[in-house]
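Copied over from TrEMBL:
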DOMAIN    42-344  domain 'Plant heme peroxidase family profile'
DISULFID  Cys52-Cys132  disulfide bond
BINDING   Asp84, Val87, Gly89, Asp91, Ser93, Glu105  Ca(2+) 1 binding site
DISULFID  Cys85-Cys90  disulfide bond
DISULFID  Cys138-Cys340  disulfide bond
BINDING   His210  heme b binding site
BINDING   Thr211, Asp262, Asp270  Ca(2+) 2 binding site
DISULFID  Cys217-Cys249  disulfide bond
Amino acid sequence: MPLIKVSFLVITFLSAATFSKANPGFHFGWNGHGGNRDISFGLSPQFYQFSCPQTNDIVMSVLEKAISKDMRVAASLLRLHFHDCFVQGCDASILLDNSAKILSEKNSKPNKNSIRGLEVIDEIKSKLEEACPQTVSCADIVALAARGSTVLSGGPNWELPLGRRDSKTASLNGSNNHIPPPNATIEKLITFFKRQGLDEVDLVALSGAHTIGVARCATFKQRLYNQNGNNQPDQNLEKSFFFDLKNVCPKSGADNRISPLDFGSPSMFDNTYFKLILRGKGLLNSDEVLLTGSVKETQELVKKYAQDESLFFEQFAMSMTKMGNLRPLTGFNGEVRKNCRRVN
């Protein structure tokens, strides 16, 4: 009898391993209830351990070259992940081009003329398809690229759950309505985040991604010339900063001119963003209201993160993990696209 049991376990193990390779959407694991084995559709940092162990090395190799050529790429890839997850979960829907059945999210108000980093995702996907055909999803590539961009900019690293699958749909309407606008009040920001199951701590920590990257004049022009509909600037803007921004962003035209979100260290992932907010030098209204809005919790968090970079890094990593777990497609849901720009 013991021999039969052993043989059965070996057959079960081999079947599981074979099934996992044939169906990369599955993960066989332990369910934590007395050690009984089950099929889990959850995400796991070890998801590609056997099917494509070189996944992160390939991602980082492409990122290093891309960021060395253009430092803005890092912030663009972080933003891409954010704008993907907030629409219909972290499913790479943002990468889909227009087609007969797809209205691309790239044409939404938050994304049009501003979404970047798509060619980097294409290159990563191409190299992964060469190494491990139709194994690593575009949704996981976006998540890995966001983490890698953070690390290469001097920010924190974190254990990233993997195993997302790619959507077969996109939502232009969702992209227009679920991504927080740059002129949002603190109350609206909290509402946008709570829709996603994210709280005030996540809001402030994830806003800290603005420690790298730039913003277009169109996103902060209102603060300079007509903040409250009275043709007056935002009184919370520090005066010298206000005049510097006016030189970059005139009252009419020049909407695509750019200004760093964190002019103190625009390509370094650090806590300078929060220090600038305390000095009235947050670029976007959505940055400044974290402090000047009427919510004590966000005010206190801005002060804490300005004082303690390690605290910010720790929470940023946790909030990125939380955001990255929003409504993932797993198992037989969705697909693993061969080309990130179109469904199979």
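Every residue gets a Cβ built from N, Cα and C, even glycine.
Among the recorded positions listed here, namely Cys52, Cys132, Thr211, Thr211 has its C-alpha nearest to that of Glu105 (Ca(2+) 1 binding site).
A distance of 27 Å separates the Cα atom of Asp262 (Ca(2+) 2 binding site) from that of Cys90 (disulfide bond).
Summarised as a single figure, the pLDDT of the domain 'Plant heme peroxidase family profile' (42-344) averages 97. Apart from the site residues Thr211, Asp262, Asp270, the chain places the Cβ of Gly208, His210, Ile212, Gly264, Ser265, Pro266, Met268, Phe269, Asn271, Thr272, Tyr273 no farther than 8 Å from the centroid of the site's Cβ atoms, the recorded Ca(2+) 2 location. Cα-Cα distance from Asp270 (Ca(2+) 2 binding site) to Cys249 (disulfide bond): 26 Å (rounded to the nearest whole number).
The binding-site residues under consideration are Asp84, Asp91, Asp262, Asp270. Their Cβ neighbour counts within 10 Å are lowest for Asp270. A distance of 33 Å separates the Cα atom of Thr211 (Ca(2+) 2 binding site) from that of Cys52 (disulfide bond). Counting only residues at least six positions away in the same chain, the Cβ atoms of Ser167, Leu326, Arg327, Pro328, Leu329 sit under 8 Å from the Cβ of Gly89 (Ca(2+) 1 binding site).
A 10 Å cutoff on Cβ-Cβ distances gives Ser93 (Ca(2+) 1 binding site) a total of 28 other Cβ atoms nearby, all chains included. The closest partner of Cys52 (disulfide bond) among the binding-site residues, by CA position, is Asp91; the full candidate set was Asp84, Val87, Asp91, Ser93, His210. It is 29 Å from the Cα atom of Asp84 (Ca(2+) 1 binding site) to that of Cys249 (disulfide bond). All protein chains shown were included, and the count of other CB atoms within 10 Å of the CB of Cys90 (disulfide bond) stands at 28.
Each of the disulfide-bonded residues Cys52, Cys132, Cys138, Cys249 was scored by the number of other CB atoms within 10 Å of its CB, and the largest score is that of Cys138. If you draw a 10 Å sphere around the CB of Cys85 (disulfide bond), it holds 29 other CB atoms from the protein chains shown.
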